[in-house]
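A short worksheet on the structure shown next.
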Amino acid sequence: MNELRDARKRQSEFTESFVPSVFQLEREYLRFANRVEIASHDHGVPDVNALGMALDLVMSRVEVVDKSLAAAEFRNTEVFVAARSQLQRVLQEADAAISQQAQDAQVWAAISKELQALAPAMNALTMRSSLMMSTQQEQVLARSVESAVAKLRLMSGLLVLLLVSAAVIGVRQGRVERERQRLERMHEQMRVANEKADAANAGKSQFLANMSHELRTPLNGMLGMLSLLESTPVNAQQDDYIQTANRSAKHLLSLLNDILDASALEAGKMTLKPESVHLPSLVGDVQALMRPVALEKRLVLSVKADKDLPRWVLADGTRVKQIMLNLVSNALKFSEHGTVSVEVFSPAGEELKAGDDVALKIRVTDEGMGMSADVLAKLFQRFEQGNASSARRHGGTGLGLEISRSLARRMGGDIEVSSVEGKGSVFTATLCLPLSSPPNEQTTDAITARREPGTPGLNLVVAEDNAINRKYMAALLGNMGHTVRFAEHGGIAMQEIQKEVPDLVLMDLHMPEVDGLQATEAIRQLPAPYCELPIIALTADVFEESKDRVNAAGMDGFLSKPVNVHELEKLLVRRFGLRGASLAMPAAKAAAKAQPAVAVAPAPAPVPQVADTPTPVQADAAPTGITPVAEEPVPAPAPAPRQPRRRFRPGDVAEHLNMAMIGELCVGVTLQGYQSLLDGAMRTDAHCYADLQAALEQNNTAALLELGHSFKGVTASLGLAALSRLALTIEKQGHGFTADECKQHAESLRECWNTTNAICARMGLIVSS
């Protein structure tokens, strides 16, 4: 291959460079000879310059031939040597004559004679170069044939190899196909097994969901009853019991949620919600919750918080308390005598500032049964409880330590344990938490501090299209001692704002004529001070899209319905300090609610107190200090017919009423105030229900979105859970209802309304006939 390539290269150079140069040399030689011959016969003066130019051309062609790479092979031939020497001699003579400006014709005749004698040699030179070119072409052709033969032989060999390779690949492909089919069968078997596992897991999840409902039913009832009990006259000791029971029940509900969502914890989907936490109060809460357990078992519970313990850290207080409660409750559970010591401290170090991380240590030491090395090895595994006898004797789910360790690791720490069988155990939890500054003093003091009667309250505008919700907000804010003006839609709200500048506007998003977003955008276009008013969204929509729209419209915050009295007061105090707090209780009634003198760490501040003797809130009148806005009279539907006495199914109360929320409402507006609101919604001002029922019966799907949303807001605000859920379904899906679905939901709504009515009447929550 290389020889053929070199031959072709030489042949190309010979053909493209040398041979044309030889032909051009002969041509210029003949031209020069012709001019010399003319000069030899010219009787005048020869044109020496023209002869010089012709000579230069010949000599340049000689130089090109000499420098050609192909001349190396041609240079040693007799023809080239003879022609080259003769030509060189004649050219030198001609050059000398031209240099002397020779005018004698005889001189040029002699040179012409020599040039003519050189003609055969020059012709022979040209012919020999052509012959060599032909010879080289024949050589290249021969080598090309040899190369083609070699290639053919090589291709034949490669073809044989290709056929052999194809046969080998065919055999291998057959094996691969058989393996693929085996893997597919295995994959199908695994898929079927996975579907069975998923079905079993779904059954487990359904079981947990059912158990969650069954467990939450009595727990919600207990929370609701505790809230109702809290609003009744009790002495100091009873109030302490109520507060401890309330905190315990709420924490139990939080733990229940965590346990039922253990799979989410394992998948890393549980999110922490850090906020400023007062560590001494948190430690005091744990001590207050665990002391009765220790007293019942005749154990000594010693809780010590280091004097250098940081007061404020940024952490999820519920999760930190959960870790402490798990460790302390386990120590009490597996101890029969002695002392359970709880130490909360932070290793000494240089002075830190807010934002710096601190290692919080929680060490729980008991003198219980201890654990062997085998038990320690599997202690933090899910559902492990040591040996079977202790598990049966002490109970529990076996999830506490596993959940606590996962939470500790999410906080940048861990839980370590050391134990000696028969002597006790030491659990040490390490949490890496950033130091935090105390929250705004106004926000912190809002829980305990109250506005004195001489301090003016706030001037508020509430834009709300629903009459029941207006009555509720009137009672709630009236009991807090604030002045309220109401508007049925955004247009009226703008008028009220321009009549007198309020301190704050609570703006519902969904209202007729001008909704909350449109009103807010219009207010932001007004001149100061109207455009600078703080506006808080007040709506049942808690989706992220709604919050984005609220922010885009220029609102300053978001308060979800049903409005919680504590969240509302916290918002007002955060913005306005003590002016936003509730009015202080009379001294005599405050003394009756005084905390017992028990030496425990400070617990979270109690729920805002209300007067022991509730003041009724009339359905058609606003509390003192509230300026009502004129409303168009709405014809009240005929009172619902008295339902016959019925037997309620187990779980009816939990299904239809949110007792925890009802309890909170009773705390906020008093029991009689709640009765008045409920009576208005269920009896005298039930047009929301009547309108929605009529739309369903008339198959008016276009109106179901607005009517369902309005009815959902009313029922959710009053804790009527079943009606609220049904209204939400109608709101979201009603636009696509068929006639049969409208009829079905109308019947469901009527049945749910009647049942809720009957339950409320049986419980004495509705007092009107």
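Yeah, the Cβs are placed from backbone N, Cα and C, and that goes for glycine too.
All annotation found in TrEMBL is predicted automatically rather than curated by experts.
Listed in TrEMBL for this protein:
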- 210-435: domain 'Histidine kinase' (DOMAIN)
- 459-576: domain 'Response regulatory' (DOMAIN)
- 670-769: domain 'HPt' (DOMAIN)
- ASP508: 4-aspartylphosphate (MOD_RES)
- HIS709: phosphohistidine (MOD_RES)
- 612-647: region 'Disordered' (REGION)
- 152-171: transmembrane segment (TRANSMEM)
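Residue pair ASP508 (4-aspartylphosphate) / HIS709 (phosphohistidine) shows a Cα separation of 12 Å. In the predicted model, the domain 'Response regulatory' (459-576) has a mean pLDDT of 85. Each residue of the domain 'Response regulatory' (459-576) gets a DSSP state, and the totals for helix, strand and coil are 58 helix, 24 strand, 36 coil.
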